[in-house]
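One structure below.
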Amino acid sequence: MTPPIEPDPQPSPSGGEPRPHDPGRPASRYLAQGVTVRFGGLVALDDVSLAVEPGQVHGVIGPNGAGKTTLFNVCCGFVKPNAGSLTWDERELNNLHAHDLAGLGIARTLQGVGLFPGMSALENVMTGAGVRSTSGFVSAAFGLPRARRDEQALQERAMQTLSDLGAAHLAPRYPGMLPYPDQKKVALARALVSEPRLLLLDEPAAGLSEGEMDELGDLVQQLTSRMSVLIVEHHMDLVMRICDQITVLDFGQVIARGTPAEVRDDPKVIAAYLGAEVSAGEEIDTAVLESHGTTTKGA
Amino acid sequence: MSTDITTAVPAPPAGPSAMQRLLGLNLVRSLLVSLGVLVVGVLLLESTDAYTNTQLSSLTYFTIAAIGLTALTGLNGQISLGHGALMAVGAYTTALMLDTDSPLPFPVIALAAIVMTSLVGFVVGIGAARLHGPYLAGATLAFAVALPSVALYFKGTFNGEAGLTVISPRPPEWFVSFIDAVSGEFATSSKYVAYLGLFCLVIALFFALNLGRSKIGRHWRAVRDQEVAAEIAGINLGRTRVQAFVISAAYAGLAGAVMAMVVRLAAPTVFTLVLSLSLLTAVVIGGLGSITGAFIGSAVLVFLPPLVTDLSTDAKLSDTQAAQMSPLIYGIVLVLVMLLAPGGVMGTLSMAWRRRRARRQLTATPTKKG
Ligand SMILES: Nc1ncnc2c1ncn2[C@@H]1O[C@H](COP(=O)(O)OP(=O)(O)OP(=O)(O)O)[C@@H](O)[C@H]1O
Ligand SMILES: [Mg+2]
């Protein structure tokens, strides 16, 4: 077993290259401790702990069925763990509901895209920041200027977020008419528009070309000046490039954690990914990519 | 994908003119549209005979209910087969409150009908919020079937099968002189009721226009389209669904209040399952979620049956056959809409418009891609 994570909010010293200090730097820490989830007899997560340090990119990897998605669902309140606790911003998240996330400054993208098909891209993005506008039912029903001002501010912010991602031209289009990578951009904008302090990315690179994946990697690294990122991703080269810390799951247990370099050379990780038949010396990312049948290995 | 994420707020665009700003206000736009409907309504009422006036009165309450239902089903994705029963709540409330020597003014009665129906809608909505698709249809259907038995059970209050006769409010002095000034005719009680219906419709329309374009409407659509994403965006699914149901019920309650006065009867036979189904049909024909569609669907509902009956009488069909003709045609129209234009009238139009615009955009800027 790996040692449990110490709960004191010290930034991990091993986290990638140091980032320049700026006043808007994220300072919140997300902590999952001793999380256990059982589905009937199956133990999907067994005493899993992880810490997303402020301003870091934290990757969760592991073979199929390892429990990554389940962990993600626990982190955002979709699955109630049988045991364990979540701490965000030094506050324990008891009885977390998914609709509380936005208010807590946590945003998540869905596996796939999960856009609202009946709304334009702009409205999709506006919905992502809806909880931040404060005008209520009455001002909406009477069409009061206050509601109008709120809507306008929301619309401008959504537009800004879209153009930050180079997707301003998508604003009036409907999701059904957009190519997949554009849909993912809109979905990302919808998550970013609420200016979260923690962003949960669920397989963000799935379905992207190699070039788009590189851009996504750059983007995520830039985001860390404003937020922490927790990412589940199968594309090992992307994970290795952008993550500061990686937690490796296998059969619901944490089998390794550390920097990409540490994890890459961990014999337990290699064993978990390769099973018995492949020798332990082979490079992990090659093997993983082969086992997932992808052809996008970074040169 | 450009990764320039450090830029701050955009430079504000060149300020729109005062006129544009004014028109940009939901309040102003909705007011203009509502006033337009009011003017057209008055013109129609004053230029047609008493029979058509009654039809127009029916159109007002059908449209009010259809607007509420199209919001619930079209914007929020909840189906309801119980809106006829919700209308009954409004109608019985109205009938009971009008049944005194000096009834309260109509706005108070209408408000009471709305409140009562909203309360019932709240209870039904809480149950409905947990259900989907056929289960929701079944539950609201059960509600529609069960509610009339309340009238039968509390026979003392609701007068059982026979129901309550509604005493139409007498037109006040100012109304009589207004009609006299407009058309030189004597204002009958039916005319007064038609005007009340029109006023209720205009007010209902005003709020629906505002809500549909607001954050509230967007959240309703988000819940309809993608529950999980809506929840992550901070929208409380259950609360939003109940909210939509209550608003929709309020519309049904107002519609029921008007209907009670037009039909002059609040009885189980008036608020049958057929009423609920007709409303749903109207909403589907017009196009789910469209207020214009609610008008179109209700118009079909009100004007098609007599038209068909007339035609079949002309075609030398017997009276019975003629009477059976209109439900048949009605069913055929519904089936045709479902088969050929599942988006309804307005859905089909807006889809065509959207496609055309997309095509034009593509041909205009063939290389514009991120
Ligand atoms: N709702 C559920 N009910 C029962 N078992 C579940 C449920 N969700 C997940 N599991 C099981 O829990 C285990 C972990 O699943 P999970 O989806 O978290 O794995 P994963 O690491 O995301 O896998 P993949 O890489 O294939 O996406 C699997 O054995 C899965 O079958
Ligand atoms: Mg998964």
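The backbone N, Cα and C atoms fix where each Cβ goes, and this holds for glycine too.
Curation does not apply to TrEMBL; its annotations are automatic.
According to TrEMBL, the feature transmembrane segment maps to B:27-45, B:51-72, B:104-128, B:135-154, B:192-211, B:244-263, B:269-286, B:291-308, B:328-353.
Contact count against the transmembrane segment (B:244-263) (Cβ pairs under 8 Å) is highest for B:104-128, out of B:51-72, B:104-128, B:192-211.
Comparison of B:27-45, B:269-286, B:291-308 by number of C-beta pairs under 8 angstroms to the transmembrane segment (B:135-154) places B:269-286 first. By the count of Cβ pairs under 8 Å, the stretch nearest in packing to the transmembrane segment (B:291-308) among B:27-45, B:51-72, B:192-211 is B:51-72. By the Cβ criterion (under 8 Å, sequence separation of 6 or more), the transmembrane segment (B:192-211) is in contact with the transmembrane segment (B:51-72), since 3+ such pairs are found. Counting same-chain residues at least six beyond the ends of the transmembrane segment (B:51-72), those with a Cβ under 8 angstroms from any Cβ of the stretch are 41, 44-45, 78, 80, 83, 87, 190-191, 193-194, 197-198, 200-201, 204-205, 208, 211-212, 217, 220, 244-245, 247-252, 254-256, 258-259, 262, 279-280, 282-283, 286, 288-291, 293-295, 297-299, 301-303, 306.
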